[in-house]
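Worksheet for the structure shown next.
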Amino acid sequence: MTIQGLVSWRGDPVDKTKHGGVKATLFLHSLVWLSNMANIANMLNLVNYLRGTLHMGVASASTTVTNFIGAISMFSLVGAFISDSYIKRFNTILIFGPLEILGYGLLAIQAHLPSLHPPPCDINRIPNNCEEVHGSNAALFFFSLYLITFADGGLRASIASLGGDQFDNDDPKEMRGKISYFNWYTFAVSLGAFTGLTVVVWIENNRGWDVGFSVCALLVFAGLAIVTCGLPFYRNRIPDGSPLTRVFQVFLVAYKKRSLPFPEYSKEEPHQYVDKDASSVEELSRTKGLKFLDKASIDNGEKGAWSYCSTNQIEETKMLIRLVPIFISSVFGYLPFSLILTLSVQQGATMDNRLGKIKISPATLDVIPVVFQMSILVIYDRFIVPYLRKLTGYKGGITHLQRIGIGFAFATMATCVAAVVEMKRKKLAEEHGLMDVGTGVPMSVFWLVIQFFLVGIIDVTSFVGLLEFFYSEAPIGMKSIGTSIFYSMHGLSAWMGSFLIELVNKVTRDRNGKTGWMEGANLNKSHLDRFYWLLCVIGLVSLLNYTFWAKMYVYRHDPRIVASDGKKVSEEKELGVI
């Protein structure tokens, strides 16, 4: 049995008995696991390399890491555009994967050769006498780092979409497999984080950064090799143009026809749209909101994609616009996440990191939220959701927006806890005369467990909720773009964190030469506790802002199993107002 629109690696029609399904996604999960072993480990441990080897200051190290996290997420949108418009998703993986290997290889070379990084220096003990990386060496580092972000962004966009192509929505059995695929995709990410934070971080801290970066390159190479082995089993979609182009066409045509009078819509029938990704049919009725876009469908005799747009094309664009308020409010609501992770690692570097005779890397503490996330995902899916479904009547137990809001509330709690812990850490440093040293504070690093634990809850709630929300609420023909929107939100939030640090330093720096809250290389002389309290206030305001827009939002489809009157809510009614 064949599936329309999909072909095998040879270009032949797909045979459902031979191509796709769970067996094909197993190869993809392997790449997700191995690539995240490398990337997540470096997202959380790279700050130690920046401080210990490249001798960057507190603010520079934090912003570099948050920019790294943000760039990976933002480049997923580029990868989605390329794979949807020009080349097959599997081919996209084969192109972007080697670039990521090259990036890690260049980092390994720089870490190995003394001439490519500053002379050794203990920045925690003598921060003012360490030479910071600069010139061509700094250029080499940033080129390598952003080569990795560009490549991994392309991989993220392609792997998730290629996995979705392996299932047919018209087949109930395959539809259940598709739902499981995204669950296992998330689990593979968490598994990569767990093994990366335990294995890769240990190698980088104990065997050297050159060895650690080399291992990361080998991990990505192994993932690509496994994915290539699955080539005979994949269902491949031939690219037929980017959905973003259709959106741009609507705006341009509507602008060109802005002076034309509106036509009568009362006699117009809903347009039927065949989803090429899901092999399903969706009817999109003309909605009342964003009326200025409807002018793109006025027939004034001009033909062509850049002169006339269908009702369906306009409604797709409206759906994306309706996501904007949630997107923006989520950027600020998710702001504390990456900042807490990177700054907590720097806190831990100054504390007592011994567990008996074993020294624990602060970055390894991130295993705690990862293990919690992996466990709670199973418990949530198997036990909590069925109970809440009976209690609330919602298909997912609670709505996507409620799940996201719970995570944002815990983000605010996490910043408050982090501020209290930092106040205690600084007090002990002052009492023991360690303000000028920057390390050796007699306080167990396991004080950070509480804030890490709360960060794990953010992952389980907001991370998964946002991913599901943008995927499910995007138009059927733009599901991969919907996923990329989520990653873009995640990346933009990380970049906003970097901007916030720079802004705070500028505002708190005075004309007498006093440094800002987050400036300098000595964390004991900074005011990280004040910065955490500021984040707490921002998080609370962001939560209130998000709650407002979440209450205003109307889902495309009724999130309840059955509406209160026993009938499903019509899609036209749901989308009538923005």
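Just so it is clear, glycine is given a Cβ too, placed from its N, Cα and C backbone atoms.
These features come from TrEMBL:
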TRANSMEM  26-44  transmembrane segment
TRANSMEM  64-82  transmembrane segment
TRANSMEM  94-113  transmembrane segment
TRANSMEM  133-151  transmembrane segment
TRANSMEM  182-203  transmembrane segment
TRANSMEM  209-234  transmembrane segment
TRANSMEM  320-340  transmembrane segment
TRANSMEM  401-421  transmembrane segment
TRANSMEM  445-469  transmembrane segment
TRANSMEM  481-501  transmembrane segment
TRANSMEM  531-550  transmembrane segment
Contact set, same chain, for the transmembrane segment (94-113): CB under 8 Å, 6 or more residues outside the stretch: 31, 35, 38, 49, 53, 79, 87, 137, 140-141, 143-148, 150-155, 158, 208-214, 216-217, 220-221, 223-224, 227-228
Contact check, the transmembrane segment (531-550) vs the transmembrane segment (445-469), 3+ Cβ pairs under 8 Å, seq sep 6+: no
Same-chain residues near the transmembrane segment (182-203), Cβ under 8 Å, at least 6 residues beyond its ends: 25, 29, 32-42, 44-45, 159-160, 163-164, 211-212, 215-216, 219, 361, 363-364, 366-367, 370-371, 373-374, 377, 381, 464, 467
Whether the transmembrane segment (209-234) meets the transmembrane segment (26-44): three or more C-beta pairs under 8 angstroms: yes
Tertiary contacts of the transmembrane segment (320-340) (same chain, 6+ residues out, Cβ under 8 Å): 62, 65-66, 69-70, 247, 289-290, 401, 404, 407-408, 411-412, 414-415, 418, 451, 455, 458, 462, 466, 469-470, 473-475, 478, 481, 485, 489-490, 492-494, 496-497, 500-501, 535, 538-539, 541-543, 545-546, 548-550, 552-553, 575, 578
Long-range neighbours of the transmembrane segment (445-469), counting only residues six or more past its ends (CB under 8 A): 186, 326, 330, 333-334, 337, 340-341, 344, 347-348, 351-353, 355, 360, 362, 365-366, 368-370, 372-373, 376-377, 380, 396, 400-401, 403-404, 406-408, 410-411, 413-414, 417-418, 421, 424-425, 483, 486, 489-490
Long-range neighbours of the transmembrane segment (133-151), counting only residues six or more past its ends (CB under 8 A): 39, 54-56, 64, 68, 71-72, 75, 78, 96-100, 102-104, 106-107, 110, 116-118
